[in-house]
Amino acid sequence: MAPMGIRLSPLGVAVFFLLGLGVLYHLYSGFLAGRFSLFGLGGEPAGGAAEVAVDGGTVDLREMLAVAVLAAERGGDEVRRVRESNVLHEKSKGKTREGAEDKMTSGDVLSNRKMFYLLKTAFPNVQINTEEHVDASDKEVIVWNRKIPEDILKEIAAPKEVPAESVTVWIDPLDATQEYTEDLRKYVTTMVCVAVNGKPVLGVIHKPFSEYTAWAMVDSGSNVKARSSYNEKTPKIIVSRSHAGMVKQVALQTFGNQTLIIPAGGAGYKVLALLDVPDMTQEKADLYIHVTYIKKWDICAGNAILKALGGHMTTLSGEEISYTGSDGIEGGLLASIRMNHQALVRKLPDLEKSGH
């Protein structure tokens, strides 16, 4: 007697084979959809941070610098256009820790959109952190033409590849929003910074209303330089307009009555004050001090530029700032160039306590 079992005709075998192929196809297409979503083709996550692709290969920092300059300038165009229209659509995002209004305008939003999507389209596999919310429903594809400007090629002759997963981009689409609403245009900047493994390696600070752009890459090149001299004994100290009096009291005790305090808006503007900037609207200072909480997108670009030029930006206790993790720092800020930075840190032991 023949063993019991199921016999399939050739047609049945073919049907089972096709069903198997169908199952495999759906499994594989689902896998691909997941991969594509990681590469930014399936929409942006909520908030100001973009997802990072898994195993994203490498990116060229020289190309990133070229796109960062373009992004800062494109964002600056939006900032200038909105300000000159005199229709800012100003609103408050809430209060800062010091109790001031945290303002936002159409200039912030439109600049953020241009800057974020230009960088995201060019480098879909890197983490991008930005001050303003990224609206996934308002997605825009802005294509970079892959041309590196001659001034960058002149300073940085060769590509510099790094793993995409090691990169974090910090965008400030409009620094000094308070001053922007007051029409104090000289303080306003747009900024882009690239950090690798938390260390700032390239920065761009663009002034939309004078159309000046400073950029630098650590261990590579820059289009800006330090000034020829600085006054370390009785320095001019640039500080935020909101707490100039607080810093002045301690600075006079530390450096003497000849010390000059320069109140100013915008972290980008304050860093440029330490450098040799060919802009008649730019004030000059020897030190930049900040004594309260500050966000990393405000300072990363300036930190990278100072570092590339041999300068320093640390907390008030002298600690290096890591551009990973949280989006702010608690320990205040001290920035200098061509000075004994650690000696300055030791001179200012009480400033951080004064800021809280």
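Glycine is treated like the rest: Cβ placed from N, Cα and C.
Here is what Swiss-Prot says about this protein:
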TOPO_DOM  1-12  topological domain 'Cytoplasmic'
TOPO_DOM  34-356  topological domain 'Lumenal'
REGION    82-104  region 'Disordered'
BINDING   GLU131  Mg(2+) 3 binding site
BINDING   GLU131, ASP172, LEU174  Mg(2+) 1 binding site
BINDING   ASP172, ASP175, ASP298  Mg(2+) 2 binding site
BINDING   SER240, HIS243, GLY266, LYS270  AMP binding site
CARBOHYD  ASN257  N-linked glycosylation site
Near-site residues: AMP, ref SER240, HIS243, GLY266, LYS270, CB cutoff 8 A to centroid: ILE238, VAL239, ARG241, SER242, PRO263, ALA264, GLY265, ALA267, HIS290
CB within-chain contacts under 8 A for GLY266 (AMP binding site), separation at least 6: ASP175, ALA176, GLU179, TYR187, VAL188, THR189
Beyond the site residues ASP172, ASP175, ASP298: chain residues whose C-beta lies within 8 Å of the centroid, for Mg(2+) 2: GLU131, LEU174, ALA176, THR189, MET191, GLY266, ALA267, GLY268, LYS295, TRP297, ILE299, ALA301
The residue listed as 'N-linked glycosylation site': tally of other CB atoms within 10 A of its CB: 7
Integer Cα-Cα distance in angstrom, the residue listed as 'N-linked glycosylation site' to the residue listed as 'Mg(2+) 3 binding site': 38
All-chain count of other Cβ atoms within 10 Å of ASP172 (Mg(2+) 1 binding site): 33
Cα-Cα distance linking SER240 (AMP binding site) and the residue listed as 'Mg(2+) 3 binding site', given in Å to the nearest integer: 19
For LYS270 (AMP binding site), nearby residues of its own chain (Cβ under 8 Å, 6 or more apart in sequence): ILE238, VAL239, SER240, ALA264, ALA285, TYR288, HIS290, GLY302, ALA335
